[in-house]
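Undergrad: Have a look at this one before I ask anything.
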Amino acid sequence: MYVLRTHLCTQLGEGNIGEEVILCGWCNTYRDHGGVIFIDLRDKSGIIQLVSDPDDSPKAHENARVVRDEFVLIAKGKVRARGTGLENPKLATGKIEVILEELIIENRSLTPPITIGDESVGEDLRLKYRFLDLRNPKAYDTFRLRSKAAIAARNSLDGMGFLEVETPILTKATPEGARDYLVPSRVHPGEFFALPQSPQLFKQLLMISGFDRYFQIAKCFRDEDLRADRQPEFTQIDVEMSFCDQEDVMGVAEKLLGDIFSACGHTIPEHFPHLTYDRAMEEYGSDKPDLRFEMPLVEVIDLFGDSNNEIFAKIAQDSKKNRFKALKVKGGDLFFTRKTLGVLEEFVKKFGAAGLAYIQVKEEGLKGPLVKFMSERSLSLLLERLNPEVGDIIFFGAGEKKSVWDYMGRLRLEVAKQMGLIDPNQLCFLWVVNFPMFEKDEGKVKALHHPFTMPKNLDCEDVEEISSIAYDVVLNGVELGGGSIRIHQEAIQKRVFDLLGIAPEEAQEKFDFLLEALKFGAPPHGGFAIGFDRLIMLLTQSPSIRDVIAFPKTQKATCPLTSAPSPVSSEQLKELHIRIKEKTQTH
């Protein structure tokens, strides 16, 4: 038998009945039915049933008897239809089988510690044996789609005149780079490279170089606490262009995403709706709202100025600092019980709420703990503003605006999930625009996006009122990516550094190459980056970003497969001029 397959398993169908074929793969399952042996052969495409009958080929049957799970097999045989009533509708090849004429055991396997495709196996064990976990055809389908998406991205950007350029992986640490991964330099003792959190500065330098349109599918690194959609090393589609405005950049992003989704079997709108940052926060409590369902937050702070509750009345006195949000849930009073309302209250308490007030709309009128704290006039205005119907429930959140936005936005999502209001197959894109340039965190001014974003009203006295030409693209409540128009004038860049508390000496030390480049005729430019792993996670409806990365890290930033990170030898440390400080004993 030639060691050369003629088909992949799922390339065979009823049209191949009677043909001789050679297949290669792994034994997925093995069954001995009193002499006749059935082997489910698995390759990257899927599974097909092999049948070994001693009357057809004694030698093949002799080999088949010793086959066990995950043995590597090369099988030659003839395709035939399965018997009436023996078809398997769960398999793409469920109407046919292959009668073995020859069988080669190319390699044996130990008993696998995990069952291929068994999703009940713990993730740590699956990642430790990731090379086995990836044998699942479902995993192969994920990475085939990932490959299609990457090819589509390259073709799309190439078609729009973008040039693919690779930027350095070993680069310079920056002031905001507390989450940088550092690489010690052997030839420069005591000095370190940083792995890039993004190619931001290099792609700006390429615009100053006159490259006009750049892209790369870039590896990026960030040493941060992990969540379901975060990894310490990740991939992004990175794009930058010159002589453009915000609409130009967004148009390129929409065309790129349209081409990627088309290659993956989806049709999406040519253009996405826009939502300002302020409106997103006020109406949805999030700068990445999920708009697959209605249910906006409504401001009602003006209805509590005359409340007989001192706390509510005090909150209502400062409408700049505070918010009082109402969330009308259609049919919510019929859906939620006293017990489940208690669960929702505990849910919002985890995110800073003191409790969860509500009003139930019943046939006999309004009921609930909040009714007694509102005047007749305020209740009348509330009904006019929200227009609730019998069977609805209205939830309320009050307090400092950022806190209220956060927990009421989370409540909105949680209610929608519990009530089954979200269509998992719907793709809802939008742009969030007009972001603030800065935010204050414990009194310190920070850039909301990054310090290279072009501000709009830099002379505003209140830094929190300064806005930026920045934009995020959101899909189904997930930030898919974002970008901005960049600062291309040295004076503006220095002013932004100053507002961020970066002293001129520090700015010169850390960003001298950028500030120098801005003196030599930098063009107006802007760009964006799309989180590629996150994009594939959404396209495949995977619960975790780890499912779409071949060899991911755990939520503790470790690799169970390779046991990384790991200690290194004292000789290596010595060469790098590093000494590990011994842990001090505490008693």
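Here the Cβ of each residue, glycine as well, is placed from N, Cα and C on the backbone.
Feature list, courtesy of Swiss-Prot:
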BINDING   GLU176, ARG222, HIS449, ARG486  L-aspartate binding site
BINDING   ARG222, ASP223, GLU224, GLN231, GLU479, GLY531, PHE532, ASP533, ARG534  ATP binding site
REGION    200-203  region 'Aspartate'
SITE      HIS33  site 'Important for tRNA non-discrimination'
SITE      GLY85  site 'Important for tRNA non-discrimination'
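Mind mapping these onto the model and telling me what they sit next to?
TA: The 10 Å shell around the Cβ of HIS449 (L-aspartate binding site) contains 17 further Cβ atoms across the protein chains shown.
For ARG222 (L-aspartate binding site), the same-chain residues 6+ apart in sequence whose C-beta sits under 8 angstroms from its C-beta are ARG179, TYR181, GLN197, ARG230, PRO232, PHE234. For the recorded site, ARG222 (L-aspartate binding site), the DSSP three-state label reads coil.
Non-local neighbours of the region 'Aspartate' (200-203) in the same chain are 167-168, 171, 214, 238, 240, 450, 452, 511, 513-514, 527; each lies 6+ residues outside the stretch with a CB under 8 Å from one of its CB atoms.
Non-local neighbourhood of HIS33 (site 'Important for tRNA non-discrimination'): empty, since no residue in the same chain at least six residues away has a C-beta under 8 Å from its C-beta.
Counting only same-chain residues at least 6 apart in sequence, none has a Cβ under 8 Å from the Cβ of GLY85 (site 'Important for tRNA non-discrimination'). The secondary structure of GLY85 (site 'Important for tRNA non-discrimination'), as reduced to three states from DSSP, is coil rather than helix or strand.
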Undergrad: For the region 'Aspartate' (200-203), what's the mean pLDDT in this predicted model?
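TA: A mean pLDDT of 96 is what the predicted model shows over the region 'Aspartate' (200-203).
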Undergrad: Could you say whether, by DSSP, HIS449 (L-aspartate binding site) belongs to a helix, a strand or a coil region?
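TA: The three-state answer is coil.
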Undergrad: Round to the nearest Å and give the CA-to-CA distance linking ARG534 (ATP binding site) with ARG486 (L-aspartate binding site).
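TA: Here the two Cα atoms are 24 Å apart.
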Undergrad: Cβ distance under 8 Å to PHE532 (ATP binding site), same chain, sequence separation 6 or more: which residues?
TA: ALA149, ALA150, ALA153, ILE217, PHE234, THR235, GLN236, ILE237
Undergrad: Rounded to the nearest angstrom, how far is the Cα of GLU224 (ATP binding site) from the Cα of HIS449 (L-aspartate binding site)?
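TA: On Cα coordinates alone, these residues lie 17 Å apart.
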